[in-house]
Structure formats: C-alpha cells, structure tokens
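Engineer: Take a look at the following structure, please.
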Amino acid sequence: MEQTVSMNVSLRSAKGKAIAYWTVTVALVFVMLAGAMGELTQQFGTVETHTVLGYPLFLLNIIGTWKILGVIAIVVPRFPRLKEWAYAGMFFNMTGAFLSHAIVGDSKFHLIYTGSVLLLVVASWALRPQSRTLGKLTDSFGSILKRA
C-alpha cells in the first residue's frame, strides 16, 4: 500500500513538472517568436530600441534568425546538445539585453521585461524532462568535486 501511494505521488509530481515545463516553454516560445518577428520585419519599436542601445541594425536579422532557430531546437524532440546550445543562446541574448538596457538607463519596463524573459529561459531549461537533457547535471558536477 505504501509503495502505491509513493508511486502515485511520484507520478503526480512528474506530471506537474511536465505541465510546468510546457507552460513555461510555450510562453518562452511565444515571446521569442514575437521578438524574432519584430526584428526580422524591423518593426519601429524594435529598430528604435536597438538604436537607443547603440547596436547596428544589421544585428536585427541575425538575432531574429537565431531566435527562430533556437525555438525550433527547444521544441522538437531529440537533439539534446542542440537544445543546450539554444538555451545558452537565449540566456546570453537576454542577459545582454538586460544589461544593455540597464547601462543606458532605459526605462524599468525594459528591465522588467528582459528580466522576466530571462527567468522564462532559466525555468524552461531547469524544468526540462530527462529526455531533453544531455544527462544529469549533478553527475558532471559531482565528478568534478570528487577530483578536487
């Protein structure tokens, strides 16, 4: 009986984690695709923002394309190494955006927005099912500690 209860709790926990992962990831995908469309179509607000930050406008096409490729990588099954790279790219993009807005003294809206998207990136990465990872993070980290 105790084993059945433990199994039910474990299944509910796994289902809850999967729901949280997909909820966060769908939000992240929406935000990244919306940003990519603004960049690739050079919407006024996007162009103005990049200009205020001092970045050349040709970066809009590069970043917009990378965002679309990153979204595809995290959504499709398999390719765990590609997913790691996609999450890293999103992390670098959003930390760079956050810091750029902070350095130029941009409005708090930009800091809150880019910080929130950064949290979505980290949450999606952390909640990934085992099938979407390269392996357990603790295994690699633990082996490093044992060698020290």
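Any Cβ shown, glycine's included, is placed from N, Cα and C.
Sharing the feature lines straight out of TrEMBL:
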- 20-37: transmembrane segment (TRANSMEM)
- 57-76: transmembrane segment (TRANSMEM)
- 85-104: transmembrane segment (TRANSMEM)
- 110-127: transmembrane segment (TRANSMEM)
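Would you situate these features in the structure and describe their surroundings?
Structural biologist: Proximity of distant same-chain residues to the transmembrane segment (20-37), defined by a Cβ-Cβ separation under 8 Å and at least 6 residues beyond the stretch ends, is recorded for 43, 46, 63-65, 67-68, 70-71, 74-75, 90, 117, 120-121, 123-124, 127-129.
Using a Cβ-Cβ cut-off under 8 Å and counting only residues 6 or more beyond its ends in the same chain, the transmembrane segment (57-76) has close neighbours at 25, 28-29, 32-33, 35-40, 42, 46-47, 50-51, 82-83, 85-87, 89-90, 93, 124, 132.
Residues of the same chain lying 6 or more positions beyond the ends of the transmembrane segment (85-104) and with a Cβ under 8 Å from any Cβ of it are 28, 32, 52-55, 63, 66-67, 69-71, 73-74, 110-111, 114-115, 117-118, 121-122, 124-125.
For the transmembrane segment (110-127), the residues of the chain that approach it from at least six positions outside its boundaries are 17, 20-21, 24-25, 27-28, 31-32, 49, 74, 87, 90-91, 94-95, 97-98, 101-102, judged by C-beta separation under 8 angstroms.
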